[in-house]
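As given in TrEMBL:
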- A:1-21: region 'Disordered' (REGION)
- A:26-46: transmembrane segment (TRANSMEM)
- A:58-80: transmembrane segment (TRANSMEM)
- A:87-106: transmembrane segment (TRANSMEM)
- A:112-134: transmembrane segment (TRANSMEM)
- A:146-166: transmembrane segment (TRANSMEM)
- A:186-208: transmembrane segment (TRANSMEM)
- A:240-260: transmembrane segment (TRANSMEM)
- A:272-298: transmembrane segment (TRANSMEM)
- A:305-326: transmembrane segment (TRANSMEM)
Amino acid sequence: MTNTTQGVLTPEVSPPPKKTKADKGFLGRAGVVGGVLVVAIVVALLQSGSGLVVWQSVVTGILTGGLYGLIAMGLTLIFGVLDIVNFAHGALLAVAMFISFGMISATGMHPYLTLVIAIPALFLIGAAVHRGLLSGTGGKSLENQLLITLGLSLLLENGLLMFFGAEPKTIALPHDFQFPLLGAVVAGSRLYAFLGAILLGALLYWLLRRTRLGTAIRAVAANGPGAELVGINVRRIHTLTFAIGTACAGAAAALAGPLVTVTPTLGEQFNITAFVVVVLGGMGNVVGALVGGLLIGLVEQLTTIYLGGQSSLLGVFVVFILVLFLRPQGLFGRKTA
Amino acid sequence: MSTITIAGPAGAEKVKAPPLRPQNRQLAILAVLVLIAIPLPLILPPAQGAVAVRILIFLLMAVGWNIMSGFGGMFSFGHAAYFGLGAYTSAYLLVKHNVSPWIGMVAGMAVAAAAAVVIGYFSFRYKLQGAYFALATFAFAEMLRLVVTSSAFANKAVGFTVPLIPDSSLWMLQFEADSPAYFWVALVLAGAAVAISIVFLHSRAGKYVTAIRDDELAASSLGTPVMRHKLMTVALSAAITAVAGAFYTQYYLFVNPELGFGSSVSIQAIVPVVIGGIGTIWGPVVGAIIVGALTDVTATLLRTPPEFLGFLQGRSGLDVVLYAVLLILIVRLLPKGIVGTIAARWRR
């Protein structure tokens with residue numbers, strides 16, 4: 001895998017105000033993305049013939065997209081720093097969701113209160129997974145890591161299936177409400193999930209940008225051996241990063257609980273979506289992941305308008321393939337050598 | 001094809017004194033294995049016979065995957081696409097047009113190979129590598145699954161049920177339940193697949209392919225037609241995987257989008273090879289036997305669990321848990337797989 005040091009993980013090099021060529025390229029691409037979105041929305045309008053339906057989709061898409069962003073942030077962080085394509089991210093999210101579900105049904109606590117448990121639990125699980133399974137595979141072949149995380153995801157999903165069974169479960173949000181937003185109807189749980197995801201995303205950004213730990217993480221991402229030389233314990237940073245990335249999945253699980261039906265395999269779908277978001281935003285780019293999440297949320301909802309019910313992922317995959325082929329470094333990433 | 005497997009080298013080479021070339025030695029071993037396997041369904045109880053057939057289906061998928069990802073070094077995470085195309089093409093032709101499954105199988109091979117060439121062409125043209133390539137193949141398989149699930153002509157989510165005919169017929173690939181004929185047909189197909197993979201690996205094209213895998217830049221600078229050989233490899237790999245899909249449908253008499261194109265199908269193609277040894281001739285064989293036997297052990301365990309595992313009764317997931325554990329252990333402890341590790345020890 002080529003070195004992907006971009007976005008937030010890149011140490012600041014250039015002073016801000018000067019408009020460079022790269023900036024123009026960035027604005028140009030953002031313009032293209034915006035243009036495509038406008039066209040997509042217009043087509044959706046023509047297809048459905050109802051502005052309200054499209055507006056509802058746009059609102060739902062953006063709100064769901066925030067969650068995708070949070071999940072993808074964890075994934076992209078792990079990729080950017082450790083160069084690991086973590087196929088188990090979705091399965092870890094499912095584990096977190098069952099932890100939440102278990103806490104709620106055992107103690108009757110408020111769903112969002114499980115954040116306090118899900119985040120540290122997943123942090124610890126992430127650290128354990130990295131120490132136990134992944135550390136030491138750093139320099140080895142990509143297939144190695146891919147297969148280990150794949151095996152782990154099979155293990156977790158089917159472990160959940162064995163112990164909890166396949167019947168879907170729901171997490172109800174007490175006093176959930178619906179409110180109108182310029183004609184669209186928004187569920188409180190969806191709004192909370194979105195706000196929570198954005199808040200945690202901002203927190204992660206702050207952590208990476210403004211703390212010693214964040215500086216160390218970015219240093220390791222940019223140049224591992226160099227970071228080692230200046231006295232950073234690279235192995236520990238790797239474990240911490242993996243744990244933080246996994247904790248993102250834990251947070252997303254607790255926030256998304258009231259929005260989904262909880263099944264052992266629900267992580268799969270989130271995993272696929274998160275990969276698309278990561279590629280879209282540029283592997284290793286944390287802000288890109290958040291923006292990509294919003295875009296993919298929109299794509300998913302608009303596809304549902306074009307093609308109806310079950311095929312929402314089809315549009316996501318089309319976007320995925322196009323981005324993989326045309327801009328594998330991501331929409332907003334810089335080209336790496 | 002089967003004649004290569006059984007008759008060819010084993011007898012012919014004995015007359016001449018010089019030691020066998022690796023290719024012929026491997027073909028001879030294969031012939032012996034096939035000969036040993038032939039009486040198996042007559043000896044084994046019927047339930048075990050079904051396991052043996054499942055092993056052979058695993059074997060076909062594993063051999064197919066190994067050609068592309070082991071010999072060719074292109075890590076595919078979407079072999080369900082080819083399996084599903086093989087399964088659906090033969091099922092469609094049989095159900096809608098009453099075409100023999102054998103013709104359907106060949107048609108499925110052609111469709112899968114064509115799809116692989118198209119997918120491969122774009123992936124190589126845009127230089128997708130490593131994880132990006134794996135993710136792209138995965139995305140293609142999932143797209144096919146979604147398209148099939150929403151296409152009326154593929155019966156949407158319902159899939160196809162193979163119509164039963166009154167008599168046994170090799171031409172329609174239908175025999176009485178538990179008939180050893182299923183095993184023999186699968187054995188011929190799997191044996192032919194292994195033979196093809198042996199011949200391919202030792203052929204000029206195979207040498208090019210492994211050279212491209214080991215160092216694409218060096219190979220291309222020496223004038224190897226990289227694109228052509230990569231496409232040839234993915235086409236061969238897809239065609240073999242399609243055979244597995246077509247046979248699967250005829251054996252279980254049923255296919256739906258999840259069974260044909262689901263991501264678990266891709267995983268079933270990968271896991272045996274990893275356990276046996278990626279990029280080896282015998283890795284897929286050993287891996288398929290282990291995985292197939294394991295699924296049977298777990299199935300028995302779930303039907304009649306011992307006392308302390310009583311809570312497992314009737315639960316699903318245990319088989320996958322076991323092979324997930326095996327997968328992780330093998331990757332961590334024997335990164336070359338069972339066969340690869342033994343071969344490496346042997347050489348030292």
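Every residue gets a Cβ built from N, Cα and C, even glycine.
Bear in mind that TrEMBL entries carry predicted annotations, made automatically and left uncurated.
Residues 8-9, 59-60, 62-64, 66-67, 69-70, 73, 77, 112, 115, 173, 176-180, 214, 217-218, 244, 248, 251-252, 255-256, 258-259, 286-287, 290 of the same chain lie 6 or more positions beyond the ends of the transmembrane segment (A:186-208) yet place their CB under 8 Å from a CB of it. When Cβ distances are compared across the two stretches, the transmembrane segment (A:112-134) makes contact with the transmembrane segment (A:240-260), since 3 or more pairs at least 6 residues apart fall below 8 angstroms.
A:240-260 is the stretch from A:58-80, A:146-166, A:240-260, A:272-298, A:305-326 with the greatest number of Cβ pairs below 8 Å to the transmembrane segment (A:87-106). By the count of Cβ pairs under 8 Å, the stretch nearest in packing to the transmembrane segment (A:272-298) among A:26-46, A:58-80, A:240-260, A:305-326 is A:58-80. Same-chain neighbours of the transmembrane segment (A:26-46): 54, 57-58, 295, 298-299, 302, 305-306, 331-332, counting only residues six or more beyond its ends whose CB sits under 8 Å from a CB of the stretch. Cβ atoms under 8 Å from those of the transmembrane segment (A:240-260) belong to residues 64, 67, 70-71, 73-75, 77-78, 81-82, 84, 86, 89-90, 92-94, 96-97, 99-101, 104, 111-112, 114-115, 118-127, 129-130, 134, 171-173, 176, 187, 189-190, 192-193, 196-197, 200, 204, 207, 213, 217, 220, 266, 270 of the same chain, restricted to positions at least 6 beyond its ends.
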